[in-house]
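J.: This structure is in structure tokens; I'll ask about it shortly.
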Amino acid sequence: LRYAPNPSPLALRRRLSPPAGAALLPDRVTPFSYGADDESDDHPREECGLVGVVGHPDASSLCYLGLQKLQHRGEEGAGIVAAGGDGKLKSVTGLGLVADVFGDPSRLASLPGPAAIGHVRYSTAGAAASLRNVQPFLAGYRFGQVAVAHNGNLVNYQALRSKLEARGSIFNTTSDTEVILHLISTSLSRPLLARICDACERLAGAYSLLFLTADKLFAVRDPHGFRPLVLGRLPNGAVAFASETCALDLIDAAYEREVEPGEVVMVDRRDMSVSSACLVPRLPRRACVFEHIYFSLPNSVVFSHDVHERRTAFGRALAEESPAPGADVVIPVPDSGFYAALGFSRESGLEFQQGLIRWHYSGRSFIQPTQAIRDLAVKLKLAPVRGVIRGKSVVVVDDSLVRGTTSSKIVRLLRDAGAREVHMRIASPPVVGSCLYGIDTPSDGELISNRMDLEGVRREIGSDSLAFLSLDKLHGIYGEEAGDYCDACFSRKYPVLPTLPEPAAEFDEE
């Protein structure tokens, strides 16, 4: 994530506007969240995706393919670092989609070797993209080279950075990931595994990490397990890691298991031995529920659950809780609303139809000069199928509703296409809080459900009716596992609170 430099406590307090009765954050801290920059895509954005391969002669090519499959997790920059046979790490990073960054075959050809890690990212919304923040980061220190790729967000980043700078550290990026490299470099522990553990003991927040050296690959997950990270094996015995199993499927790696919360897995490429250690004491599991609601691809297994089955269950529960009497047809908001709409259709008995067609090649509507042109750009991205819509009472199922901008435009599109009624059904609870743990969400003031009650939101988007999946119903779907998931964006109950730097603070001597 990119952060505003040294925000004042007053400025931070002003960005937080909790609803009455919500679980409050400490007085002088707030999520580092930013408004989305594309009005035609009213969803939170995942920040990063990771892939790592060790023990295959074409490791960088496999990383490239895996990153292609994880493109939905980050579209602004991509990079790969490979460990060559000469023991040196080499890096290629760039701005744009994976295919753009590695469109020149010579770029992948420059990354030979049996081990590699890769990364895709979004930059902070509203801020210019910067090549210096594109990962993996590659650094040299007194014991050699190390590369790191990170998915998540450190809620004590500002405090750690201030302490490191006070002791003389110089930073080249505005990414919280660079703090991790500094902590490893300044650790007095040996070997690197101990340095990684020492560094991670100082981290707070969400982190799934891949580290690469000349002869080893390390995979690390934070003690709460906020962000996903999985392990698989290729037919030749090579080991692969990825944010989602869909990337493993693409490169013919068989999914074996999750990297457990608080675990570090080490693979030595010299003999392909795999060892595991407890990074830090395991804390209560808090996996991000939005991975199942929206972020992950439906053909992935995330947190040991099939994503498409979770979304279908959300839709079924939504139909039980908030049916639409008299409706004729159920349609999804493509693409992420598909399985929830399918579940709603099956539970309600209403016909399922693809009433909106998504076109994936229109570019970003926020660059258009006027609001009228931006509204036309939405029609380019989402086109109604008039034969499905005309004269019908339509139930529209979406995975989430964040700012309300897309939903209001969809309602207008459907009415213009001849819909008699439009009933919006949202397969998740109202989003009332920004995320602290690696998701780019709008500020609290931009979250429509944080500003309005249900009827106010309905009037704002213009639908005939509106219903969300309740938080209790969502918890019911997970049963005994409900407490293992972070739902702070719905409940404002944050498992790990952020800290700000203290003036002139120093590391405690140990």
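Every residue gets a Cβ built from N, Cα and C, even glycine.
Residues or ranges marked as active site, nucleophile by TrEMBL: Cys48. Under the heading domain 'Glutamine amidotransferase type-2', TrEMBL lists 48-270. The feature [4Fe-4S] cluster binding site is assigned by TrEMBL to Cys288, Cys435, Cys486, Cys489. The annotation Mg(2+) binding site is assigned in TrEMBL to Ser336, Asp398, Asp399.
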J.: Counting every protein chain present, what is the number of Cβ atoms, excluding its own, within 10 Å of the Cβ of Asp399 (Mg(2+) binding site)?
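T.: Here the count is 26.
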J.: Rounded to a whole number, how many Å is the Cα of Cys435 ([4Fe-4S] cluster binding site) away from the Cα of Asp398 (Mg(2+) binding site)?
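T.: The separation of the Cα atoms works out to 20 Å.
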J.: Between the Cα atoms of Asp399 (Mg(2+) binding site) and Cys489 ([4Fe-4S] cluster binding site), what distance do you get, rounded to the nearest Å?
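T.: Roughly 14 Å, rounded to the nearest whole number.
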J.: Apart from Cys288, Cys435, Cys486, Cys489, which residues in this chain have a Cβ no more than 8 Å from the mean position of the Cβ atoms of those residues at the [4Fe-4S] cluster site?
T.: Phe226, Val289, Phe290, Leu436, Tyr437, Ile439, Asp487, Ala488
J.: May I ask for the distance between Cys48 (active site, nucleophile) and Ser336 (Mg(2+) binding site), taken between their Cα atoms and rounded to an integer number of Å?
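T.: Between the Cα atoms of Cys48 (active site, nucleophile) and Ser336 (Mg(2+) binding site), the distance comes to 18 Å.
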J.: Work out how many Å separate Cys288 ([4Fe-4S] cluster binding site) and Ser336 (Mg(2+) binding site) at their Cα atoms, rounded off.
T.: 17
J.: Suppose we draw a 10 Å sphere around the Cβ of Cys435 ([4Fe-4S] cluster binding site). How many other Cβ atoms does it contain, all chains included?
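T.: Total other Cβ atoms inside 10 Å, all chains included: 23.
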J.: Have a look around Cys489 ([4Fe-4S] cluster binding site) and count the other CB atoms within 10 A of its CB, chains all included.
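T.: Total other Cβ atoms inside 10 Å, all chains included: 29.
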J.: Within 10 angstroms of the C-beta of Cys486 ([4Fe-4S] cluster binding site), what count of other C-beta atoms is obtained when all protein chains are considered?
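T.: Around the Cβ of Cys486 ([4Fe-4S] cluster binding site), 25 other Cβ atoms lie within 10 Å.
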J.: Within 10 Å of each Cβ, count the other Cβ atoms, then let me know which of the recorded positions Cys48, Cys288 comes out lowest.
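T.: Looking at the recorded positions Cys48, Cys288, the Cβ with the fewest others within 10 Å is that of Cys48.
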